[in-house]
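Q: Dropping the structure in here first, questions after.
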Amino acid sequence: MEPSGGGLGPGRGTRDKKKGRSPDELPATGGDGGKHKKFTLKRLMADELERFTSMRIKKEKEKPNSAHRNSSASYGDDPTAQSLQDISDDQVLVLFEQMLVDMNLNEEKQQPLREKDIVIKREMVSQYLHTSKAGMNQKESSRSAMMYIQELRSGLRDMHLLSCLESLRVSLNNNPVSWVQTFGAEGLASLLDILKRLHDEKEETSGNYDSRNQHEIIRCLKAFMNNKFGIKTMLETEEGILLLVRAMDPAVPNMMIDAAKLLSALCILPQPEDMNERVLEAMTERAEMEEVERFQPLLDGLKSGTSIALKVGCLQLINALITPAEELDFRVHIRSELMRLGLHQVLQELREIDNDDMRVQLNVFDEQGDEDFFDLKGRLDDIRMEMDDFGEVFQIILNTVKDSKAEPHFLSILQHLLLVRNDYEARPQYYKLIEECVSQIVLHKNGTDPDFKCRHLQIDIEGLVDQMIDKTKVEKSEAKATELEKKLDSELTARHELQVEMKKMENDFEQKLQDLQGEKDALDSEKQQITTQKQDLEAEVSKLTGEVAKLSKELEDAKKEMASLSAVAVAPSVSSSAAVPQAPPLPGTSGTVIPPPPPPPLPGGAVPPPPPPPLPAGTGIPPPPPLPGGACISSSPQLFGSTAIPPPPPLPGATAIPPPPPLPGDTAIPPPPPLPGXTAIPPPPPLPGATGVPPPPPPLPGSVGVPPPPPLPGGPGLPPPPPPFPGAPGIPPPPPGMGVPPPPPFGFGIPAAPVLPFGLTPKKVYKPEVQLRRPNWSKFVAEDLSQDCFWTKVKEDRFENNELFAKLTLAFSAQTKTSLAKKDQEGGEEKKSVQKKKVKELKVLDSKTAQNLSIFLGSFRMPYQEIKNVILEVNEAVLTESMIQNLIKQMPEPEQLKMLSELKEEYDDLAESEQFGVVMGTVPRLRPRLNAILFKLQFSEQVENIKPEIVSVTAACEELRKSENFSSLLELTLLVGNYMNAGSRNAGAFGFNISFLCKLRDTKSADQKMTLLHFLAELCETDHPDVLKFPDELAHVEKASRVSAENLQKNLDQMKKQIADVERDVQNFPAATDEKDKFVEKMTSFVKDAQEQYNKLRMMHSNMETLYKELGDYFVFDPKKLSVEEFFMDLHNFRNMFLQAVKENQKRRETEEKMRRAKLAKEKAEKERLEKQQKREQLIDMNAEGDETGVMDSLLEALQSGAAFRRKRGPRQVNRKAGCAVTSLLASELTKDDAVAASSAKVPKKSEGVTTILEEAKELVGRAS
């Protein structure tokens, strides 16, 4: 039998070389080897030293020397005490430390033994060596560690291999660490070789003992790894972890349980780091070898029917893979992959199992998942705030799915979104529900992906519906608030209108009082005057009464005296009566007629003959007829008011003498027609004031027609001449400009056709039967072409055929269906003649005007007479603003309409546009009528545009005067400004210009991080919070800033002018000749209402100007120099800047707070990380000296109890907050950098910027976590 000391041989030569000595230089008492005991003791001490130092020396992969492996030294029966007496105290201490390690004592128990005396230590070492030698001789008398290695390499199979493995497992569990070290890397390599062979053979043919042998090897590995030496040796192998992963076979539950536990223990090892990633790599390699999902064996184990221990082991391995990872993305990715394989449904079944170990693992999984979910949600929320642009987000998503398997699914999602019901109320609810569903899918409550193999998704619909109901209520409240705001504006407008009306009534009442008071004063004065006059009259009456009485008395006396005198004078008067001459007759009595005075001389200077004596009763005698051959002398002109006697016609052959011109006021006498053969003499022009000259008589046959004379300036136009007599030459045509010029005579004046370049031939002239719609292209003429261009080579006539032209005529005919139908009804030769008739030529309108008018009429599809009736009736139900505007724009000029109205008899021969002109030409005063109708249609809109502007400025003026908080802000600004300007020329100010408020941000702080505006905003926040309410009190300042007082005045003046024009048109409008003409009736009422509206607007505008002027006096500025728009624009800008300063102050404080919390969180996270590391090292410290045993048992116990996974929730939450804070800071900095880059480059690359923010934020959050 080989003694125990022989088991220390493997690898010793290699280790001795590393220490700088050869194996032959071992301690010995002599070179002859005579003292066998001392040699054995020295040999034993060297082996113990080598065993002690083996943990700190990396095992080489080369196999030890076989000769050395087979050699062994026997302790024999040497007395141990005698042997220890020959070694030094230092060597005893080395053996004592090795004894403590083999005894598997912890540090607390080792410390008291180290404090013992050297004599006691020597005795203890002696007893331990003696006991160990006896036990080893008893236990390993049959089989040593090297023998196990030889047997494993001998190719045992089936039952023999199973027996060997069971014996090896017992030896590994019962022997001390030194025995395990002797078994070492060679024994481990032998076990792994057998395990690999069994795995490979199992894939081909599986024997009865293969699974049992594999399981027994896993148990041997567990026993081998129950100390730090075994774990390190296992980790140094290349395929050890992979073989453990391959051993996870759900078909062999017990073996899979042990393999999963071993892998779980390896995942939570503190050193080396990232052991869980090595296990994941091994699982990935196995999945690639077997072409399955890497977590599929774990899912199969969790779905196994009976073995609860297997389910616990698989879930324990899942927790061990996820929990140690520091990166949040890594943990979420692993959970997502597991959920995608169906873990979510399996978890529901596992929660129904009543098992303490299962409950521990489920709690660990749920708690860690919830924390990761909140971490991820917080990080994504911060990043999402920077991604509020639809185009950028869509482009990012499109780039991520482009040219991948997800692209058709993304397209399908977009297509389904197009199917959302197009309802104003329902569409937002659809999108809310879709958003919540997507959020719960991609951000599962456990931070994992759903099971994509099952369409069943567990979504909290009830919670979503409740939230949607609440959001709907909020939206309804917001809509109601908006409606109330509109009502408030309307009430405010009505209040201003009532104030203006009330002020007007007050002014009218005061004016009426003043008028009545004036009338009263006038009546009082008149009454006083009447009373005075009455008194004067009474006095005069009394005076006159006395005089009358006196005169009456004198009259009586005179009568008496006359009576007496008359009696005395009777006789003398009778005798002298015959000598008195006869008195002339009174006017109006009959008597001799006094001859009239002679008439005035004629214009030629001839003296007229004396008039004959008048006949009785004043009857005039007509003049005698002229003598034969004598000159026809006209009678003398009649006096004013007498009846004109026409002269007799001249005798044949006599020369016609024109009558003298009539005197002013007389009726013009038409001249007689000229005699045959005589030259027609034009009549003289009438004298000023006389009536128009009648048209000249028609020329006699054979005479030459003389054109009528032109009318005198200011006189009426001449009527058209009568038609000529038969046989007489025609009347010469009118001069150019008075009508359509006649066509040139055929056959005369046609120039020769020019020769076309490049061999071009003139294009064929087509004559369609009806006019077609004409394409509006840019025509090329021959001079525009070049020799090599395309158009010189075209031969379009090869496509010419009658069928093509017929189709074109049918499809693009410019005539309406009605006219075509009428033509179809006509039969025989008339139908053919109509079809061959040429296109109707324009007679009055030019082609452009006619075309524009035709296009306009084509958009209405109304008969012309109906359009006329609508305009006459002023039917606002049919008339629109655009229609009237186009009518005014396209309507021909009045002269053209007058000319078209004269062609009424030729209506059917006119073009459509001219037919419309004929119909509309019958409407009296058409253009003024259309302008008035247009103004009526636009009036309400004008009022609605002007009134809100007046109300906004008026309300803004009142708000500024009443706002106490704004006044307080001005006071604070004045205080701060005077303090800052102390010692300068601007110190001691009593006030400042309002425009200075916008310049507050120009004054920066010393550190350039704050402005005076930010300081005032922060001052108001801390000490005067009520002042922050002033923006709400100036609600109408924004609307007032958009009002131009100049434009407002112009609009009012324009409205006044338009109302006056309409009123004048209505007054001057002729009497209606058509019963449908309602223009005057409707416009009269409109003018009255419009005038009232205008007066109201004018008063409101006057009130606005008064308030603004008072505001200028209040804030000390000149309203004439500072317009309404400029003043309120400054206030509006200051209001916005103040609100922005408040937000920036809040953001700055939040940033400082985040930085402070991030710093504290970082320090705390580092502290927690160190504590966590220490806790993990408490399980096992792989870097500590010594060969600690029971390591695997401790790890498995920590995994089972959940102690290996426990961590305080506080650090994770703090880390999340810290990560969010740092993410926000980084995102803001990157945004600023992007903004600067964008301002310089003008065209930033949006997708790259967003990706950079995501990557940097993700990296930073991972570091912070």
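Cβ from N, Cα, C; glycine included.
What Swiss-Prot shows for this protein is this:
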MOD_RES   MET1  N-acetylmethionine
REGION    1-42  region 'Disordered'
COMPBIAS  1-12  compositional bias 'Gly residues'
MOD_RES   SER22  phosphoserine
REGION    54-83  region 'Disordered'
DOMAIN    84-449  domain 'GBD/FH3'
REGION    573-742  region 'Disordered'
DOMAIN    625-757  domain 'FH1'
MOD_RES   THR761  phosphothreonine
MOD_RES   LYS1050  N6-acetyllysine
MOD_RES   LYS1096  N6-acetyllysine
MOD_RES   TYR1114  phosphotyrosine
DOMAIN    1187-1215  domain 'DAD'
MOD_RES   SER1247  phosphoserine
Q: Since the record lists LYS1050, LYS1096 as modified residues, which of them has the fewest other Cβ atoms within 10 Å of its Cβ?
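A: Taking LYS1050, LYS1096 as the modified residues, the minimal 10 Å Cβ count falls on LYS1050.
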Q: For the residue listed as 'phosphothreonine', which of the modified residues LYS1050, LYS1096, TYR1114 has the nearest Cα in space?
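A: Considering only the listed modified residues, the nearest one is LYS1050.
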Q: How many whole Å apart are the CA atoms of the residue listed as 'phosphotyrosine' and LYS1096 (N6-acetyllysine)?
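A: Approximately 27 Å lies between the Cα of the residue listed as 'phosphotyrosine' and that of LYS1096 (N6-acetyllysine).
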Q: I need the CA-to-CA distance for LYS1050 (N6-acetyllysine) versus LYS1096 (N6-acetyllysine), whole Å please.
A: 16
Q: If you count Cβ atoms within 10 Å of the Cβ of the residue listed as 'phosphothreonine', leaving out that atom itself, what do you get?
A: 7
Q: Averaged over the domain 'GBD/FH3' (84-449), what pLDDT does the prediction give?
A: 83
Q: Count the other Cβ atoms sitting within 10 Å of the Cβ of TYR1114 (phosphotyrosine), across every protein chain shown.
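A: A count of 12.
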